[in-house]
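**Student:** So TrEMBL says this about it:
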type: TRANSMEM; residues: 20-45; note: transmembrane segment
type: TRANSMEM; residues: 65-87; note: transmembrane segment
type: TRANSMEM; residues: 94-111; note: transmembrane segment
type: TRANSMEM; residues: 131-153; note: transmembrane segment
type: TRANSMEM; residues: 185-205; note: transmembrane segment
type: TRANSMEM; residues: 217-235; note: transmembrane segment
type: REGION; residues: 246-265; note: region 'Disordered'
type: COMPBIAS; residues: 253-265; note: compositional bias 'Polar residues'
Amino acid sequence: MPKITAEPATTRGDARDAALTRILGGAAGGAVLVGAAVMLVTLVASPGSWLAGYVSETGTAGLRFAVAYRTGLILLAAGVALLGLALRPAPRPVAALLGVAAFLAAVSGVVPCTNQCPLPPFEPTTLSDVVHTAASIIGMVMLAGVMAMIGFSSLLRSPALTRALSFFAPAVVAFFRPASRRLSAVGATLMVPLGAALGLTMLFAGRGPVGAILERLALTVAVSWLIGMSLLTILRSSVKVESWSRSIPPHSKTGSRSSNDASPS
């Protein structure tokens, strides 16, 4: 009669956690992809050149595709929040920044700007314009912060930096695999200069084609990173990879293998 052994509770729990992570990762990637696609379609379908003005102008109240655009933005915000849940138990700073970014993206979707999204100091502005723009900008900064935190955490290994950033750097390096860190490093390397150039353009030149192109490039980087991290999260929970630092069973002094090493696996 075959011997029946009960599956350890920890194994069952790990399997449930991995399945939940795959579901959340897939939902996050799907929400971001669908939300971004809806925003892109409404942007292209709107009258005039889709490379003119801010992307948020499509969501101005009263326009034909305003509701669809804002729905897509809120769906994208939900994808960011789901990614934060899928990355659990990620280090707290990563989860916190993703949560803030998701909330601010939702705020920018709920609070639309007025016609052509006027901003100081070039045009008279309203409270909704300020709230929408501030939420959008700070949300992108939070997302860039997550990219940099994950992508460059392995570089923070000097003694001084290790002491100063000991609350998150080692945990980030241990939690995220090299593929996630490389993707995040590329994303941060692209996002930071694009965001800085966009901010300076908005401040010194105002609305125009240069700012429009920079904004669209920054959004493309953000969406690509979110979808890429979602896919890597699914793979991380689907494939079990043993740690490279796992110690090798010691050999005896006579050169024979240990009993554990000799036993069949």
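Quick reminder: no glycine exception, Cβ is built from N, Cα and C everywhere.
A quick note: this is a predicted structure, and the numbers were derived from the prediction, not measured.
Surface or core, plus neighbours and distances: that's what I need for these features.
**Tutor:** Among residues of the same chain six or more beyond the transmembrane segment (20-45), those with a C-beta under 8 A of the stretch's C-beta atoms are 55, 58, 65, 68-69, 71-80, 82-83, 85-86, 88, 219, 223, 226-227, 230-231, 233-234, 236-238.
Long-range contacts of the transmembrane segment (65-87) within the same chain: residues 21, 24-25, 27-39, 41-43, 45-46, 58-59, 94-95, 98-99, 101-103, 105-106, 108-110, 112, 143, 223, 226, 229-230, 233, each at least 6 residues beyond the stretch ends and with a Cβ under 8 Å from a Cβ of the stretch.
Tertiary neighbourhood of the transmembrane segment (94-111): same-chain residues 56, 59, 70-71, 73-74, 76-78, 80-81, 83-84, 87-88, 128, 131-132, 135-136, 138-140, 142-143, 145-146, 149-150, 168, 172, selected by CB-CB distance under 8 Å and a gap of 6+ residues from either end.
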**Student:** I need to check the long-range neighbours of the transmembrane segment (185-205): which residues 6 or more away from its ends have a CB within less than 8 Å of a CB in the stretch?
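**Tutor:** Beyond its ends, the transmembrane segment (185-205) has Cβ neighbours at 119, 137, 140-141, 143-144, 147-148, 150-152, 211, 214-215, 217-218, 221-222, 224-225.
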